[in-house]
Amino acid sequence: MCGIVGAVAQRNIVSVLIEGLRRLEYRGYDSCGVAVLGENGPRRARSVARVADLDEQVHEGHFDGITGIAHTRWATHGAPVTDNAHPIFSKDALALVHNGIIENYETLREMLRGKGYEFVSQTDTEVIAHLIHSVYRGDLFAAVREAIAQLHGAYAIAVLHKDQPHTVVGARQGSPLVVGLGNGENFLASDALALAGSTERFIFLEEGDVCELSLDGVRIVDRDGNEAQREVRQVAAYGGAVELGPYRHFMQKEIFEQPRAITDTIPQADSFDPSIFGEDAGKVFAEIDSLLILACGTSYYSGLTAKYWLESIAKIPTQVEIASEYRYRESVPNPKSLVVVISQSGETADTLAALKHAQSLGHKHTLAVCNVGTSAMVRQTELSFLTHAGREIGVASTKAFTTQLVALFVLAATLAKLRGHLSDEQEAGYLKQLRHLPAALNSVLALEPQIIAWSEEFSRKEHALFLGRGLHYPIALEGALKLKEISYIHAEAYPAGELKHGPLALVTEAMPVVTVAPNDALLEKLKSNIQEVRARGGELYVFADADTKIVNDEGLHVIRMPEHYGLLSPILHVVPLQLLAYHTACARGTDVDKPRNLAKSVTVE
Ligand code: F6R
């Protein structure tokens with residue numbers, strides 16, 4: 001997704017800008033660019049290739065400047081071609097980079113054409129550049145404030161003007177933007193990660209903020225134009241670039257990091273104590289009568305899994321909604337419901353907007369399950385639980401998902417205890433199972449060679465069906481999502497009992513049917529569903545718990561999982577599905593870590 005970097009310093013900042021873009025690369029982009037202020041105004045380089053190509057261009061062109069902005073673009077308005085890459089110029093005087101979407105760009109474009117501005121890109125961004133230029137009267141900060149009052153939509157922007165050689169102005173509304181504070185130099189970025197190595201002191205701008213970076217300081221005003229004092233946070237956790245080590249791709253590395261990530265996420269305490277969700281969690285949990293979970297994509301599937309746990313262990317009614325749907329439908333708010341947002345990045349625009357929507361409807365109790373402690377979601381919720389997956393680089397979420405599941409299981413057990421549904425014996429049992437989970441995961445990861453053998457078969461298919469039941473239906477959904485997003489094989493998931501209500505018509509020998517088969521209460525039902533597929537000549541690929549006694553047969557391929565792992569079984573069963581998607585994608589030669597059209601952190605609607 002789009003990324004912004006900006007800098008004002010007393011040294012050549014080109015390398016800071018390029019390094020910032022490199023750190024944002026993993027999020028996915030299809031073009032990039034940089035502009036620095038020189039004596040004759042802004043000078044830019046743009047590329048529809050990688051940041052490495054941009055780096056070559058700036059070296060060959062001897063780019064040098066103490067003020068600059070840079071961008072990675074993930075196309076929304078206009079194809080990924082050089083003319084649409086940012087920075088976008090206005091009259092060769094002003095340069096601008098933008099994340100987000102401007103909804104009223106057509107009206108503004110007509111108005112600006114009327115004033116003589118020519119448009120050379122198909123982007124919505126170009127209207128912002130010309131709009132600011134049209135109201136500029138020697139004060140860029142004032143011009144930006146005047147211009148953004150006319151924008152509808154979401155944006156984070158960074159702007160510079162040739163007449164103000166030591167100034168970068170930023171503004172945010174609906175897209176994240178952070179200021180990095182240095183000594184005699186200051187920075188701007190859409191994510192603090194971009195500035196690792198340049199500073200560890202950050203100001204996370206709030207909605208509606210406009211900031212002006214100069215050599216000796218940063219000025220911020222809020223949406224009402226009042227001078228704002230924002231907290232300066234020390235963030236040292238961003239370290240250097242993540243190494244690939246012995247792995248072929250980050251996705252593979254991250255799949256294998258899951259035992260460690262889960263160990264780091266499991267709370268240390270010997271009991272399920274609400275305080276791990278925040279100081280006031282005990283009080284909040286005592287007040288609530290239900291949960292409303294809001295999330296997108298893989299995070300939504302962890303919410304769906306959690307619903308089974310929350311209703312069966314904690315006996316608390318739980319609703320799970322896709323954030324982008326919830327925010328636009330009329331719902332019946334229940335102020336006694338705890339709103340839980342789940343997100344790896346904590347910046348997903350749809351989930352953030354859904355959270356704000358829920359709050360505007362009167363939901364006062366909110367909790368974020370998130371992998372980034374400094375993210376907007378964690379800052380905007382009353383309670384939070386941080387997963388400790390570590391940075392996830394692969395676009396397809398793996399370790400973030402399993403650590404979310406751990407967090408949500410802990411939430412279910414904690415609520416169960418507070419609501420009187422958890423005996424001491426059960427509590428000790430769940431804690432023991434959680435602590436043994438990393439070892440159990442290692443034995444599942446050891447199945448990789450068998451999965452590689454299957455992936456050869458899968459790589460020649462164009463469609464696949466995934467089946468699961470109960471607690472493992474969301475795992476089938478997640479398996480199908482993983483396969484489609486990285487291998488581009490069309491995959492659908494169904495609760496196995498639904499097969500006969502339609503999808504069975506698709507079953508032929510050309511359609512592999514992947515089945516998640518834990519030894520739980522629904523096993524006998526699932527076995528009947530397996531027979532329905534076999535009777536129609538379908539090829540089954542079953543991940544079966546060792547104690548299910550499902551064995552290889554004609555049209556029935558089985559990989560044996562460890563023995564049934566009880567309520568935590570989904571965390572084990574998703575891992576072979578991740579590996580199957582990964583190795584199938586490798587066999588097809590797709591770009592595993594950066595699948596086409598996708599971005600890591602989806603900060604636009
Ligand atoms: C799929 C995937 C996405 C994300 C979704 C939400 O592998 O990663 O579906 O889960 O975009 O992202 P977060 O969790 O950052 O809110």
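Keep in mind that glycine also has a Cβ here, set from the backbone N, Cα and C atoms.
TrEMBL lists CYS2 with the feature active site, nucleophile. All protein chains included, CYS2 (active site, nucleophile) registers 27 other Cβ atoms within 10 Å of its own Cβ.
Here TrEMBL flags LYS600 as active site, for Fru-6P isomerization activity. Within its own chain, LYS600 (active site, for Fru-6P isomerization activity) has MET1, TYR26, ARG27, GLY28, SER345, GLU392, ILE393, VAL395 as residues 6 or more apart in sequence whose C-beta sits under 8 angstroms from its own.
According to TrEMBL, the domain 'Glutamine amidotransferase type-2' annotation covers 2-216.
Residues or ranges marked as domain 'SIS' by TrEMBL: 281-421 (among others). Counting residues per DSSP class in helix, strand and coil order gives 63 helix, 27 strand, 51 coil for the domain 'SIS' (281-421).
Here TrEMBL flags 454-595 (among others) as domain 'SIS'. When pLDDT is averaged over the domain 'SIS' (454-595), the result is 95.
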How do the residues of the domain 'SIS' (454-595) split into helix, strand and coil according to DSSP?
71 helix, 32 strand, 39 coil
